[in-house]
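K.L.:
First the structure, then my questions, so here it is.
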Amino acid sequence: MNLIPTVIESTNRGERAYDIYSRLLKDRIIMLGSAIDDNVANSIVSQLLFLQAQDAEKDIYLYINSPGGSVTAGMAIYDTMQHIKPDVQTICIGMAASMGSFLLAAGAKGKRFALPNAEVMIHQPLGGAQGQATEIEIAARHILKTREKLNRILAERTGQPIEKIEKDTDRDNFLTADEAKAYGLIDEVMHPAE
């Protein structure tokens, strides 16, 4: 069962109940806390566009705890993040894997973070094909083009040479928050205020 907490907010017009995600959205916080599919992407994209319409100058905060998911759905989020005017700060909590790590790296330069115990995992895109040999060949060419595109963007976002990205994403590659910073996937590890 998936319960969504409700918060009560008192205003001069009385009390108002919000689901927690709507309340966070008021503070320009978007939660990506699941696998990425078309429905999740549509929700994230809608929230990004809404927050831009509200104020195109203020940063948006995208918290990521995701195992990844659909490449096309993730690219819809990525393209929107790059298209809108506000900077999108990305913060990894828990795990940002696969497309989740790609979106983490897609945040505004200097504004990509991870909590100290967060993990980041990068790898090449997954896919499968069935059907006639020609259909399998078409699918294979497509996934190779997709891998090339993702690797090129990751190289741009991290500052790593494309050859290193290709090697490092050949298999699941798990990084600690500090390793993700050294790699260029994030800019800072967030530590508690002292």
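Placed from the backbone N, Cα and C atoms, the Cβ positions cover glycine too.
Below are the features I grabbed from Swiss-Prot:
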- SER98: active site, nucleophile (ACT_SITE)
- HIS123: active site (ACT_SITE)
K.L.:
Cβ-Cβ under 8 Å from the residue listed as 'active site, nucleophile', same chain, 6 or more residues apart: which ones?
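P.N.:
Long-range Cβ contacts: PRO67, GLY68, GLY69, MET121, ILE122, HIS123, LEU126.
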K.L.:
For HIS123 (active site), what is the tally of other C-beta atoms lying within 10 angstroms of its C-beta?
P.N.:
18
